[in-house]
Each structure stands twice: as structure tokens, then as C-alpha cells.
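Notes for the one structure printed next.
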Amino acid sequence: MFYPDPFDVIIIGGGHAGTEAAMAAARMGQQTLLLTHNIDTLGQMSCNPAIGGIGKGHLVKEVDALGGLMAKAIDLAGIQFRILNASKGPAVRATRAQADRVLYRQAVRTALENQPNLMIFQQAVEDLIVENDRVVGAVTQMGLKFRAKAVVLTVGTFLDGKIHIGLDNYSGGRAGDPPSIPLSRRLRELPLRVGRLKTGTPPRIDARTIDFSVLAQQHGDNPMPVFSFMGNASQHPQQVPCYITHTNEKTHDVIRSNLDRSPMYAGVIEGVGPRYCPSIEDKVMRFADRNQHQIFLEPEGLTSNEIYPNGISTSLPFDVQMQIVRSMQGMENAKIVRPGYAIEYDFFDPRDLKPTLESKFIQGLFFAGQINGTTGYEEAAAQGLLAGLNAARLSADKEGWAPARSQAYLGVLVDDLCTLGTKEPYRMFTSRAEYRLMLREDNADLRLTEIGRELGLVDDERWARFNEKLENIERERQRLKSTWVTPSAEAAAEVNAHLTAPLSREASGEDLLRRPEMTYEKLTTLTPFAPALTDEQAAEQVEIQVKYEGYIARQQDEIEKQLRNENTLLPATLDYRQVSGLSNEVIAKLNDHKPASIGQASRISGVTPAAISILLVWLKKQGMLRRSA
């Protein structure tokens, strides 16, 4: 039977991608249905109890700037906040927070259940309704059919998921949850390229069996960072430390002597694992010269005794896991409460997607999260928001939207996936972005909130706060530009006391702030330039904008040159065999990838600058050279 009411957008899956997709579509006013196999696991942290990190924190800030959920949820659930790379430049500084799993899940569910235009329904999906190469709905396991104009697949590791512990394996979407086998089979019938990937998780330890007295503590930062541009530190719950231990030669001997029982090394697992989050088996074998590896013991929550040992993801048998755990300092009597495991699952080649994350072959079908070959909550959330907003726009007969590489880490993520694809779980790093200085955590709202408002993602409260911040920045910069001190002025002595070289000519507040030894905080304690802004976010922007003004202007020039290529569109139906002068290799790669623009084509491995020139000349001769607005 059909459900009596149609929907504009259906989201399948309630993880980090699905929840952001559902919230985005509903915020834009579209009638949205979130289908999940279990309402109680909405927003579940399946692996590590943390949000953020290098590159990842940037994505969280961008999701927040577009009105998303993740940053708000972690501000309510974070039990330790830190700024990584704090001693480095602002481009690579990143926020990271340990999470209380229960509080995080509660924050997500509360937001979902109070979001207008959003209905949540508990049923696993087993089929899609596809008519004339267009998706028009979904079918649940009890045969209930839902109609919609767009469907977003955010199914994580559930598609034909297989869990491995030692040489034993069984079907599962994650520990304790069933896999989605019928939906996997249905998707394999569609004209989509499919592969297998693998990820893993460490055993969880009973905190009562660890001797923390012999371990180093790691505390959070004070003052505490905040993730959301709308948040404040008073929202954070109680803060707790993490602890540090290490593997040792005994640990490594245990691992080496049991590799024949590892499903990875025994050839049982086909899927490729994450390069940047390797199992402890991989670490020991790949870095054979290392006699120890640092392991962070992270609390899973304020009311839980479970500890997440970050750094020993493993699929070795349980008895070997026990030996590994008990070989480390402080863990000699430790007890495992959940075994570690590896999970294999289906993913679909993201090169078959448009930059909006809509399928090139099935109209109205969007993909987001691990199904696209990524790993990580943050990467999933960012894709979910993009897929959700574009599903909403499609259902409202509007053009899709996707950020450029120069606009957001989300743009880098989507361009990498859709242009290059991936053969291993993709993780975001700041090193993947060419324009890091422009794509900082601190300016995510300045880059994206206005766009979010135009798209219908940003509410009135956020918009008012954003405009107030803009006004504070502009007013303060004007004040510093127009406030001067001369070498002969009475205030010069006070200023000179904070400079490595005394004033030799008249200087404005901005001139002084450009000096390496001067900070905004210090400058605004000096009589001519006091008082400081009370808006800390605006104050941070003033300092960064002034100090890096020249570098930012130079990078902006580079971006404008590159945009000419990004905006030169390539016909979706173009057969590159028609273009005389291209090598067979280039023709094959262009026909395989079907890039949307000259910019995308130039990033495909093997497509040379000479080939791009030939292509541009050919397009011009054919009268097909056109640029997007």
C-alpha cells in the first residue's frame, strides 16, 4: 500500500549524513520524510566519540555556517574541547571535541523531532520506486510505499555490510544492527559502478579496570573553544580529561605472531581500508621501525564506564585483542566490554554523481556519506547537508547548488569525489585545499552564511547575529584605520613599550596590528586604541584580516584566474572522440569521468595542460564555449 500523503524529499538513513540532509530539506520548507531502521539510533556515533580535527573541524564550521546541526549538537555534548595546531597559522587551526555519545544522540534527536516540515518513520527500506530513469519513492520492509520527488541515500556501512572478528564473519550494518541486503541488491541493478570498502573500530574498555594513576592526562583548552557560531562555552557539559598510553614491543610481537588470524592479512576481507586511520595491525607492519604507537584513552560519556582506545582499531580475534590491550601500561588488568571489528560494505563510485550529489543516471536520486566512499562523521554531515538542500531545490523545480573549491572545504570534498573518485575511504585534510588561507574555520560564516540565507537554510536569528558581527568587524577596522599615533605624541612611549622597534613615523592602529609582535588583545589595552570589541568572533576576524591582508589579496587573485576555467562548462553529452588532437588516454579518461567543466577536466590524472588547450580551441570552433554565470 501507499502511504496516504506524498512527500517532497525522502531521506533513507538517520546517521550524520541523513540527519543533516533531513534538517536541510525541511528548513527549506519542503515536506521531508526521514526513514530509519531505528529511531533510537538517530545521530549515533558508530565509531569514535569525537567531532572535528584537522580539515574535519573546517567542515563542521561550514555545515554550521549553512544552518546545519552538527556544531550545535557537539556544543551541547562535548566533554573536552581543544584547538589543534594552535601554535600555527589560522588556516590550519582546527577545533576538536570529545563527545558524550548519549548527550550527542539526544541533541540530534531533539532537533529532528522539533523541526517543522519533518516526519520521522521507523522502517528499513528495501527498494526504490524508479520510473523512466527517475526515482519517485521508496518501499519499506513491510511493503509500505512512500512517494516523493527526490530521494537521498545516506545508508552508511549498511549496504551488504559484513562484520569481521578474526576469521569469523557475519552480516551486519554495524555492531548490533542488521545490514541492508535487499536495498544493496536493488542498487546493484541500477546503472551505477559499485565497489567494496572496509573500516574498523577498536575494542571498548571498562574504565574501572584501567590504572589511570600511571598514565599521562590530556586536558582540554581553557578558555574552552566553541564549535557553533551561535554557541557559547556555557552550553558545554562537565569537562573531563583523556589519558595517554602506548603500545610496546610486547604488543607488536603479539600482533606479528597472529597475523595469520587477521581477516585482512588472510585475504578474507576484499574491501580497501582507510589510509589515514589504519588498524593497529597495519601500523605495526607498515611502520616496522617504530617500537611504540601513542594510544589515547577517550571517555565515551559522563555516565558511561566505557573507554574508547583511539589507535588500536583491529579485526584480530577476541583472544588476541585481550592480549594487545593488556600488554599496554595501565591496562594490565583491563577488561573489554565490546570487541573491536572490521566491517566491509558497498559504496558507489562518486564519479557517477553531479556536484550537487544527484545521480547522473537516475533523476532525483542523491547520495551522501559513506556510500560515496568517504569516512568520518564530518565528511558525511557536509555531504548530507548538500544532498538535502539540492533534493529540496529539485523538488521545488529550482537549480541545484554546489560550492566551488575556492569557496569551501565542502567544495573541495565534492570536487575530489565527483572528479577523481576514490579507491579507499576518503578523509578530509587541510592539505587537500589549494586555497587554505581563504578557507579557515574562523571565516566559514563569512564565506557561506549569506549563501545559506539565499538558499533558505539560515533562520532569522542566525542571520541577525551574522549581520551584527559583520557590522562590528567593519566598524572596528574603520576605527583602527582612523586612529593614529605619532612618534612625538604622549601615547608613543606606551606604544613603544610593546614594539620591538620604536615608532619612526605616524602609524594607525592597523599599521601597528600588522607588526608580528602586536596582537589585537595587546593593541586594545593601549590608551589610543582602547577599548577592545566585546564580540570575540569579530575581534578575531579583525586581527586575521589585518595581519594577513596581503596574502589574502594574493590568493584572491589566484582564485579569480582559476574561476575562468571552473566556469567554462563542458556538455554532458560530449563524446571526446570527436575532439581531434586528443590522445587515446585523454579521450578514455574524459569519456569515463564526464567532467562538468574545464576546471574539473584539468584535475583528472593524465589530462595534460596541452589537452586542455586543444579542448578549449575545439569548443570555440564548434561554438560550444560557454561559461556559467
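Glycine residues also receive a Cβ, built from the backbone N, Cα and C atoms like all the rest.
What Swiss-Prot records for this protein:
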BINDING   GLY13, GLY14, GLY15, HIS16, ALA17, GLY18, VAL125, SER180, GLN370  FAD binding site
BINDING   273-287  NAD(+) binding site
Near MET285 (NAD(+) binding site), which residues of its chain come within a Cβ-Cβ distance under 8 Å, counting only those 6 or more away in sequence?
ARG256, LEU259
Counting other Cβ atoms within 10 Å of each Cβ, which of the binding-site residues GLY13, GLY15, GLY273 scores lowest?
GLY273
Helix, strand or coil at LYS283 (NAD(+) binding site), per DSSP?
helix
Any idea which of the binding-site residues SER279, GLN370 has the thinnest Cβ neighbourhood at 10 Å?
SER279
Of the binding-site residues listed here (GLY13, GLY15, ALA17, VAL125, GLN370), which is spatially closest to GLU281 (NAD(+) binding site) when Cα positions are compared?
GLN370
Could you check the binding-site residues ALA17, VAL125, CYS277 and say which one's CB has the most other CB atoms within 10 Å?
ALA17
According to DSSP, collapsed to three classes, what secondary structure does CYS277 (NAD(+) binding site) have?
coil
Using a 10 Å cut-off on Cβ-Cβ distances across all protein chains shown, tell me which of the binding-site residues (ARG275, LYS283) has the largest neighbour count.
LYS283
Winner by Cβ contact number (other Cβ atoms within 10 Å) across the binding-site residues GLU281, PHE287:
GLU281
Top Cα neighbour of GLY15 (FAD binding site) in the set of binding-site residues ARG275, CYS277, LYS283, PHE287:
CYS277
Across the listed FAD-binding residues, GLY13, GLY14, GLY15, HIS16, ALA17, GLY18, VAL125, SER180, GLN370, what is the farthest Cα to Cα distance, given in whole Å?
18
Should any of the binding-site residues GLY13, ALA17, VAL125, GLN370 have a Cα within 10 Å of the Cα of CYS277 (NAD(+) binding site), which are they?
none
Per DSSP, to which secondary structure element type does ALA17 (FAD binding site) belong, with helix, strand and coil as the options?
helix
Fill in the CA-CA distance, GLN370 (FAD binding site) to PHE287 (NAD(+) binding site), as an integer in Å.
27
